[in-house]
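Asker: Quick one: this structure, given as structure tokens, is what I'll be asking you about.
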Amino acid sequence: MYILPGLTRIPCHWIHWLLNQIPTPFSNHTYHLTIHHEPYPTMNSPEKSAACDIYDPKSIPDYDREFIDPDDLRQFENALNDNESNSLVALNDWRPIYQRVRKNRGRRKKPRRTTDETREGVLYTVLKWPFLFIVFGWITVLGFAYALTRFYIVLYERWVSWRGKKESLRRELWKQTDYNNWLKAAQALDNHLGNQQWKEIDEYAYYDHLTINKLVNQLRKARTDVELQMRNGVSSSTVIPATEELCALLEGCVKNNFAGVENPRLYSETYSGTKNLVQEYIDEVEKCIQVVSNNKWVSNEDKYHHFKHLDTNFGRTALCLSGGATFAYYHFGVARALLDNGVLPEIITGTSGGALVAALIATRTDEELKQLLVPALAHRIRASSEGMASWIWRWWRTGARFDTITWARECSWFCRGSTTFKEAYERTGRILNVSCVPSDPHSPTILANYLTSPNCVIWSAVLASAAVPGILNPVVLMTKKRDGTLAPYSFGHKWKDGSLRTDIPIRALNLHFNVNFPIVSQVRQLLSQDPSKWRDTNIY
């Protein structure tokens, strides 16, 4: 599987690593991102037998277990069939039922023409069609000119610009299957193109190089002073003031897009890396954070409050999984790559097909995911196992291709039964978010999570987020009561596919969880999957 290009660039996760170093129950767990997609190497007999196990369905934990209670499905079916509830809809009450409306028995008069109406005179009648033809003709000319320009650019790049060694190096870059080899090929291409000279020049219009250069020197001096004092074993009265000075510098610079170091233009001029000054600044900040974290003269409580303050200013990271029908299964490879490198974010959001993958990740621990995210997991994806005759007959009767109850039963395995958003957060520490759109067009969307809907059942939200018109009818969200039984959520209103309005809810994630760095796995065909069209996304 391949990781499709994200919509944003991911800077160094200093703060998340720091909170992981402090022995508190509130620590986050990411700081360094390196994604690998490596093919299976040549293996000997023991390795081959181990590799065969990942294709065996019996090797998956809880493969044959049905987590959901039949009573939950029965309550869900009753909620779907309950049409007695009077839903509140945003419609104009043009004839109230408790107010007598007298019928106008008089002859209706022709309404008078008002000043806000457009008068259609002789000149309008004569010129409207010529103007229409002129506008559409000009649009056609511009479209043809644009297509001709793009065709010329493609031919120029193919036969003039990208030829010889440069073309061979670029094709070598496209062939790589893991990040380390890709990085080496990208550096070789940069060396051939002369991009290393651009990295060595500090001046650039899209960031404040003077501020960064000055700050790097200040951070280096403060860090060396603290390290020297700690190495010489001086008293705490001497070390603490120097550490406070270093902390003050960190509080001033560890912010979102400080001095423009996260400007996309800094990461679009080369195939790998960015300005050497920016990289030096990032490395120096990380070293300073490690010095403060390892300082024995600063209490754990002070460290926690300091790093929590930095974390709030800098922002958090979230994994955003888009919808895309069967293309959403690419998300399993993205999650496995992040998991293997220990950088799987705590905040995960999914829409439609991505919600199913997000639910699996958020309801399992890291140890369980390492056993689940294997090729044998494909045997549990069987919601489309019926024949075409069944699909056609069901679509003719209900207007939907798939049966909602069958999907609820299959989806519940990925969500560990009727687990709620709050229960998933308490079990794994991960924050699951699922986008749902109400069936009523006048109502707002909802981003279901453990804050907005803590008792909402996850599998019902996943079904609602995947309820594409014609594929699955709108469903009712279910909530778990204190006695464990299920009941309709939000007055029994029905919900449908969340990707129709909010495929990637970046604004809502920032509002609820201070997410500034979304890692977006976009599998829809709206983005080009041709590697030659990708721009560099530098990952630290």
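In case you wondered, yes, glycine gets a Cβ from its N, Cα and C as well.
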Asker: Out of 45-49, 105-109, 350-354, let me know the one TrEMBL marks motif 'GXSXG'.
Answerer: 350-354
Asker: How long is the line from the C-alpha of S352 (active site, nucleophile) to the C-alpha of D497 (active site, proton acceptor), rounded to the nearest angstrom?
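Answerer: D497 (active site, proton acceptor) has its Cα 6 Å from the Cα of S352 (active site, nucleophile).
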Asker: Who sits close to D497 (active site, proton acceptor): which same-chain residues at least 6 apart have their Cβ under 8 Å from its Cβ?
Answerer: G323, S352, V437, S465, A466, A467, V468, P469
Asker: Near S352 (active site, nucleophile), how many other Cβ atoms are within 10 Å of its Cβ?
Answerer: 27
